[in-house]
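Worksheet: the structure to be examined is printed underneath.
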């Protein structure tokens, strides 16, 4: 009672700011009170606040109305709430009416279908006809949801008789925000009204909005065509809306044509690849030969977006042949458009299509009679050079560029020499020498080392494998063995130098920064300094190294540096190995989750070629493999491995890293004793990527654990210990890691260098 009295006093305070604060919490306060107190005390407060002299107080009372209406019995709403709500819907302040419109569907659900039919339909009509554009826009946003919430027995009659006339007025509203708000939801009325009403009443409105001068209105209509397509079918849609789209696409005003081009990828996604090929493909090709350069340029970019949506296989059979046919066009401007299209299509179609279909056309055009075409050939060869392999560049591209450098036209000579120089500077015309040991890619101060660039190519067919691990876990050794070294070799000859015994004894770390090793098969191995390394922390403290100004303590700097390295690997690697020499380091898994959060966003390429919708590309994350070194023999059993995988699965449950897949070792283990012959262990689906490696050093037979009675604890298991077992397991791990898909890391085409 005392709290209620305090709140009552706040609601009637002399200061408007206090009353506003009280009004904003009235609904929440009502939810924790008994129903009798809501009726006897909250309702009077609500009525007073809804009649306050300050409109900023009255509009907050509208929010409270939703919560209060949800608490009261249906039969008491008419007497306790509706008078105040009617008053708010007709308030003299547009801000209050705006709040009513904004909360209208919530109020509608709270008061129920009967009161909606008798009271709210009329109020909604008034809001759609309000004199203030902001109120009309808010009401327009709620049209679809309001109609969906109507009682089924009266829904169609109410929409057709009372709502649709208001919608027709809003379609031609003077304010573009109102029209845009309506266009964003009006297509959703089609499933509600059905096919016949859509064709008769809604399609004329859609056509009017499709021709609206406001680009946002047109965009909202095109963005939601799929709603209408599902109701009336693609045939009816093509007969009604498509002629209007074609008419706009062929409009005499080039700016109108330009606007439709910009919407074409979205429209193609709504209608699908088959409909696009049948009705719109020829339109897109016609834009490529438009007499206005801005249209031709936009049409070129449009082709790239279409290929990104429908896939390079579609482009190879549909778009590319038509583009290449333009190379023989009598108009040199159209021949140049062919080159511009090849420049953008090569980036999304990839190396195979570019080499086999596009490159021969570009090379033939080097003999064109028009100098403008010839120097654009040189520019195109420079543009598509990074996509081609070194052999093609050496045997096909280089001779043509050298010939163009002798051209009579000064511009042709200039651009040809520029393309040739750029290719040579990037070392694209000769393969890099075979690496014998790793080199520094990033130094201890996190600075990039340019010396690594001479071993990297401008090609996209590359696999990047990185390793993370705490100090002394054998990270560099594992990575060296995956890169081609053998367990029996001298560790000093490994491509990533492991921690020597003397350094291990004094607690030092071997690797600093990030080291790089590149195989002839274009596999890039990245070895990193130990994460959260005590050796690096000790070096900072004892050598009195100056920290960056943003770090007050050395351990904060070491932790941040470790997170930067991990986030970098999560961004550029296809596979990341987490090497650990014991299993339950919870701090390490917390570190992984933190690094995942600080990873910069990298949208992954969209592989959707169905044209089913306009989905945003998802973010890229690499495969994560847990590698436990020095695993004891008892871990090499299906049961123990399964337990470890389940623990990892729970720890990583919320991670977006690809920690499940085909990189586990479960099928390498034998069937457990007592299992039916030939019955494989039942793994979780899919398995956590966990791989166990035994110690590199040989262990004496006596060191193995024994069961009671002198028998071996795991008599059916192979001797997973020593160099022999390690070599076999590493060969399996190497095969699986190197078989990982060399997918694109981003929606834009990346090469080894960038």
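From the backbone N, Cα and C atoms, a Cβ is placed for every residue, glycine too.
Of the listed segments 627-646, 647-666, 667-686, 687-706, TrEMBL assigns region 'Disordered' to 667-686. Only residues 6 or more beyond the boundaries of the repeat 'HEAT' (3-41), in the same chain, are considered here, and those with a CB under 8 A from a CB of the stretch are 48-49, 52, 54, 56-57, 60-61, 63-68, 71-72, 76, 80.
Note: the repeat 'HEAT' (81-119) comprises 32 helix, 0 strand, 7 coil (DSSP; helix = H, G, I, strand = E, B). With DSSP classes pooled into helix, strand and coil, the tally for the repeat 'HEAT' (42-80) is 33 helix, 0 strand, 6 coil. Averaged across the repeat 'HEAT' (81-119), pLDDT for the predicted model comes to 91.
According to DSSP, the repeat 'HEAT' (202-240) comprises 34 helix, 0 strand, 5 coil.
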